[in-house]
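The following features are taken from Swiss-Prot:
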- 27-57: repeat 'ANK 1' (REPEAT)
- 74-103: repeat 'ANK 2' (REPEAT)
- 107-146: repeat 'ANK 3' (REPEAT)
- 166-195: repeat 'ANK 4' (REPEAT)
- 199-228: repeat 'ANK 5' (REPEAT)
- 233-272: repeat 'ANK 6' (REPEAT)
- 276-305: repeat 'ANK 7' (REPEAT)
- 309-342: repeat 'ANK 8' (REPEAT)
């Protein structure tokens, strides 16, 4: 019994010593945490004598300024703390004392990645702050930029990828989190604009997918490949932009025309096909948004390209009943299409014209598809497809008015379809 008592006493002493050590460590961590937040560089230097600069801090639940969205006891590296809270003086002090900018947290983020994840939102249009709130917002932005400059000046790897399943680069993160102002800075500091993530998407793919014209313009200016295709799907930036712009949200917001034109003006191949054989025009026709379809036609999109399943752009257009209501656009597409293929490889007609209310239209289109065109009509279609909308008025100056009207007159077909509901 006596031996048990003595051993228990020694255990109590050891436990007490451990508690004292933990208490001292907790106090040290809390003081260093507060010094970093307050940018008290003298205190930081003093505390780093007893705390390795690349050792994480563990902040307990009673710390007043810890991140609300994180677990209160989650460890954080001092340099990550300074970067997340945009404390340039603390960041510089830590780097000067040997902090490693490439140290990663439990999610695989480096200091630069965390800076981009926590970049302050910027929706201000004023150039000079006039209120206290504007001044605070401007100071926050300036501190973020200064921290970014300090990191890059101290060798932060701008092409390091996040160590997780996405493998995003800094440029990918900048686009995801809307940090447009840093794109050019990263590119100027060596960021690879054509780097791909785990999904084989480049930064341009991501910018096009969200229809951010400023980001697209910046990336192209720094050499982004506008025709790079995602390996898994074959989608290009143009196809992604058309898909988003043709969606319900894109239609409601009237978004994307500027982005698509920007891509086309910078060499995007309008007739590029994905792995299923779809072009941007197939996507646009399925969406049925007239502005997007017209823009692609202006840049000589081919209305006769078939997918691997034998579907033409007009087949995609006729898939949705909402598209069929726009008879003028339908007529324009029909007048460019030859031969008219209404069914796919399985012989299935588009779902839209299979509805009972479109029976007469379906019968009319089937007759048109089976009726061979005259040589004159084929020639007119060829001229329309070669010159397109882009050079149509230039052609008007060269041809007799009657001939030009016969080539570009589509009202007869519109009239033919007018009787449908």
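Cβ coordinates come from backbone N, Cα and C, glycine included.
On a predicted model such as this, the values are computed, not experimentally measured, just so you know.
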Given the cut-off of 8 Å on Cβ pairs that are 6 or more apart in sequence, determine whether the repeat 'ANK 3' (107-146) and the repeat 'ANK 4' (166-195) share at least 3 such pairs.
yes
Tertiary contacts of the repeat 'ANK 1' (27-57), as residues 6+ beyond its ends and Cβ separation under 8 Å:
63, 65-66, 75-79, 81-82, 85, 87-90, 93-94, 97-100, 103
What same-chain residues lie close to the repeat 'ANK 8' (309-342): Cβ under 8 Å, and 6 or more beyond its ends?
276-277, 279, 281-286, 288, 290, 293, 297, 301, 303, 349-353, 355, 358, 361, 365-366, 368-369, 373, 378, 381, 384-385, 410, 413-414, 417-418, 420
